[in-house]
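Read the structure below first, then the notes.
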Amino acid sequence: MKRLAKWRLLPLFAVMALLAGCGEPFLSALKPAGEVAQMQYDLMLLSTAIMVGVIVVVTIIFIIVVTRFRRKNDNEIPKQVEGSHKLEMIWTIIPILLLLILAVPTVAATFKLADVSPMEKKGEDGKTEAVVVKVRANLYWWEFEYPNEEILTSQDLVVPTDEKVYFELKASDVKHSFWIPAVGGKMDTNTENVNKFWLEFDGKASDEAGSLFYGKCAELCGPSHALMDFKVKALPRDEFDQWVAAAKAVKEPKQAETAQAQAGQEVFNNSCIGCHAVTPANSTPEQARMGPNLTDFGNRSRVAGVLEHNEENIKKWLKDPEAIKPGNKMTGKYNLSDEEIDAVTEYLMGLKVQ
Amino acid sequence: MSTYAQKKGAGAVIWDFLTTVDHKKIAILYLIAGGFFFIVGGLEAMFIRIQLAIPDNNFVSAGVYNEILTMHGTTMIFLAAMPLVFAFMNAVMPLQIGARDVAFPFLNSLGFWLFFFGGVFLNLSWFLGGAPDAGWTSYASLSLASEGHGIDFYVLGLQISGAGTLIGGINFLVTIINMRAPGMTYMRMPLFTWSTFVVSALILFAFPPLTIGLFLMMFDRMFGANFFDHTMGGNTVIWEHFFWIFGHPEVYILILPAFGIFSEIFATFSRKRLFGYSSMVFATVLIGFLGFMVWAHHMFTTGLGPIANAIFAVATMAIAVPTGIKIFNWLFTMWGGSIKFTTPMLYAIAFIPSFVAGGVTGVMLASAAADYQYHDTYFVVAHFHYVIVGGVVFGLLAGTHFYWPKMFGTMLNEFLGKISFWLFLIGFHLTFFIQHFLGLMGMPRRIFTFLPDQGFETGNLISTIGAFFMAISVIVLLINIIMTSVKNEKVGNDPWGDGRTLEWALPSPPPFYNFKQLPLVRGLDAYWLEKMEGKKGMTPAEPLGDIHMPNNSFIPFVISLGLFIAAFGAMYRAEHSWGLPVLIAGMLVTLLSMLVRSVKDDHGYHIHKEDLIDDNDKGVKA
């Protein structure tokens with residue numbers, strides 16, 4: 001009996017061996033880095049194991065059939081069998097049982113993942129105990145608003161590790177979908193309603209991934225859908241608190257220090273500030289936040305979500321955004337000379353909350 | 001017979017095909033048109049794979065890539081798979097039930113021309129300012145935001161061709177209900193006929209939601225309505241529901257006929273009757289029924305809530321049961337049989353593991369909580385290509401080889417057939433297996449490029465290599481078709497030697513009236529029963545008499561042409577002054593030709609008994 005049990009586990013081991021070690025720790029759903037991803041990964045393993053079992057049975061019958069029953073002479077007429085009630089019962093009932101084994105944890109997990117009740121438990125000041133992030137998806141960038149902390153940031157989502165983070169998702173133009181593969185499944189950002197779900201970022205896994213998870217848009221949204229990436233900085237709680245405090249401290253736009261940066265700030269104030277804020281307060285209405293908030297731009301991990309973060313790439317992006325993200329909404333909104341771009345670049349690199 | 005089979009010039013042949021109402025000729029039209037669009041969709045697939053072969057590629061631009069991916073999906077589903085399925089239904093189903101034609105031959109022709117003009121209209125978008133670019137699902141917020149006329153082409157083209165499909169489905173339903181030969185009870189119908197029956201019912205219920213969705217979209221885009229504009233009180237999620245209430249049954253509309261073809265092939269080349277015939281019928285009906293209960297599994301991440309997600313998850317899993325029944329019945333049809341490995345049989349055999357792989361990932365996707373990870377990734381791309389290519393396309397290729405002699409009177413070359421089979425099988429698995437892992441490793445679908453250092457390089461390169469295998473396979477198939485057609489070696493009634501159903505009792509190709517005398521059907525696998533009793537053909541169920549035939553008609557072509565013209569008018573109405581007159585003129589062409597059809601009596605004609613006797617030198621043939 002014990003040996004039999006081991007045999008039954010064989011497909012499970014085979015599957016684990018196959019799936020483990022696939023992909024990058026900062027991106028792969030097969031390297032779960034949080035409670036949600038782990039739950040989904042376990043469901044994957046369970047379903048894959050059942051399915052591999054089914055495939056093994058089919059394959060064995062299949063191989064027997066195609067090897068044993070080849071036509072040997074042209075005159076043979078096999079017995080015409082109508083069917084077999086017993087066999088047909090077997091392959092009706094066993095699949096039903098297998099599906100039940102999968103259906104029960106599926107339903108349980110589905111409800112668990114949809115439980116956002118801590119978001120509703122608001123204190124007298126209208127704030128929640130739990131960390132809440134309002135995600136607003138735009139062509140082709142992401143805005144992350146922290147209603148409790150009354151700040152917002154863009155492109156790089158900052159979250160605390162080892163606790164549940166609750167998300168409110170919506171899109172401001174067309175439908176997108178918010179997905180951090182390593183941390184958990186996606187949810188769509190619809191245009192007409194707010195979707196809610198939660199994720200948990202595992203501290204240890206975050207360290208392995210270099211504290212930077214990759215996030216993606218998973219719903220076709222236009223030419224640059226493929227480039228609508230964001231990044232997630234998952235920090236221990238105290239570092240997260242420090243970041244929040246530092247961000248909240250920025251009440252006025254940070255003043256540029258060098259001469260060139262000051263020139264850049266002037267250009268910025270003339271050409272860019274209409275869409276891009278450099279203070280983190282969430283007091284302006286959504287419609288006025290037409291471009292990513294740049295308060296913490298100097299600490300960004302990527303330029304435009306896809307290019308390595310350095311001055312050269314910022315200049316490249318400012319010079320011809322269309323070449324980097326086709327269909328983006330910034331192209332053609334400003335007209336800067338090369339010197340001005342250099343100045344703005346220096347200014348932007350200095351924008352750091354800490 | 002001599003009066004009917006004169007040598008005709010090319011012009012006369014073309015005119016004949018433009019006006020034909022004969023189900024066998026309409027089948028050939030569907031096969032040619034569907035085959036053409038299959039090549040077009042295949043080319044688009046190759047562009048996709050070339051673009052994704054390496055990271056940061058710029059073979060095509062981002063915008064054009066979205067057009068290609070949209071047109072690949074739309075073309076393959078609506079303009080390749082559907083018409084090819086219809087080709088075999090038209091070619092085979094009336095013969096299998098012992099009918100002289102479908103119930104409404106005129107409508108049959110109308111259905112084809114509507115599909116054809118709709119398909120041509122959709123593809124003209126490439127030359128008239130750009131193709132649709134919002135995916136074949138054309139989700140409302142993106143498709144309303146899409147500039148240019150691409151989406152208009154999608155909406156109008158699919159509306160026209162969808163009407164054709166709906167007409168075809170109704171026609172098949174009526175045919176199967178009313179026109180079965182004496183003795184052909186429902187439970188003696190071949191499985192392919194059964195699947196045609198169920199699929200026609202699915203079409204009847206699935207296409208109206210698409211029609212409505214497309215109408216709303218058309219009004220939104222072309223006539224200033226706001227059904228899907230949320231700022232004006234509309235709702236985009238409604239489009240998702242409309243689309244998938246149609247879209248999910250659509251997948252079964254494609255796969256069930258393939259199941260039917262495979263059922264015929266397994267029985268034929270195992271020389272055994274189908275194992276568990278009645279449970280196969282039951283499973284087909286059940287799959288069709290459940291197919292309407294699961295559409296929201298395409299929307300697990302839309303935010304419908306855990307109750308809806310859980311219900312649709314369990315409903316979706318349930319479909320695995322009847323599908324599993326079918327797989328095991330096929331295996332046990334072969335068990336104890338005498339298997340001959342012809343090209344169609346190779347496709348059928350390869351279909352089993354391929355489709356099982358696609359089916360089990362379907363169950364994985366049904367697990368809603370886990371689907372949040374799979375949804376809109378390459379895992380889904382791998383899954384649906386495993387079922388659609390491993391199921392539908394394998395079925396269509398098998399059917400092409402299997403029914404080619406019945407449709408054209410000559411056999412495709414078996415050697416070339418097997419070469420293209422192996423190339424296709426290898427290419428298929430090479431292309432799509434690895435995509436499961438790409439998806440799980442975090443690669444979203446519908447991306448025009450991917451950045452390096454995310455672990456996607458190797459998988460995508462392998463996938464592209466596989467695609468080339470499939471392309472070469474299709475080229476070999478085309479060479480095979482050309483060579484076979486040039487040689488044109490005629491074959492007899494039952495070229496495979498193991499035919500079981502009525503169509504193999506007829507000459508290849510059958511005479512235009514199909515059955516001189518309607519056959520008497522004495523059981524399942526009617527022709528096989530007679531053969532086993534040493535008879536050469538079917539026992540006739542009626543004395544030789546006059547046969548009533550419908551006249552050819554050019555009206556279906558004109559009706560469809562009118563809608564084709566009107567579609568241009570509707571699209572350019574807002575920006576060109578000639579738009580409205582063209583819209584009205586096109587509608588007038590359609591309505592007037594419908595009026596002509598209504599008021600002009602067309603009683604058809606009779607083939608006289610004497611003419612049939614002339615041809616009776618080979619003894620009584622059913």
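Any Cβ shown, glycine's included, is placed from N, Cα and C.
TrEMBL has this to say about the protein:
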DOMAIN    A:21-117  domain 'Cytochrome oxidase subunit II transmembrane region profile'
TRANSMEM  A:45-69  transmembrane segment
TRANSMEM  A:90-111  transmembrane segment
DOMAIN    A:128-246  domain 'Cytochrome oxidase subunit II copper A binding'
DOMAIN    A:259-352  domain 'Cytochrome c'
Average pLDDT across the domain 'Cytochrome c' (A:259-352), rounded to a whole number: 94
Residue counts (helix, strand, coil, in that order) that DSSP gives for the domain 'Cytochrome c' (A:259-352): 44 helix, 5 strand, 45 coil
Residues in the domain 'Cytochrome oxidase subunit II transmembrane region profile' (A:21-117) grouped by DSSP into helix, strand and remaining coil: 64 helix, 1 strand, 32 coil
Secondary structure content of the domain 'Cytochrome oxidase subunit II copper A binding' (A:128-246), with strand meaning DSSP E or B: 21 helix, 61 strand, 37 coil
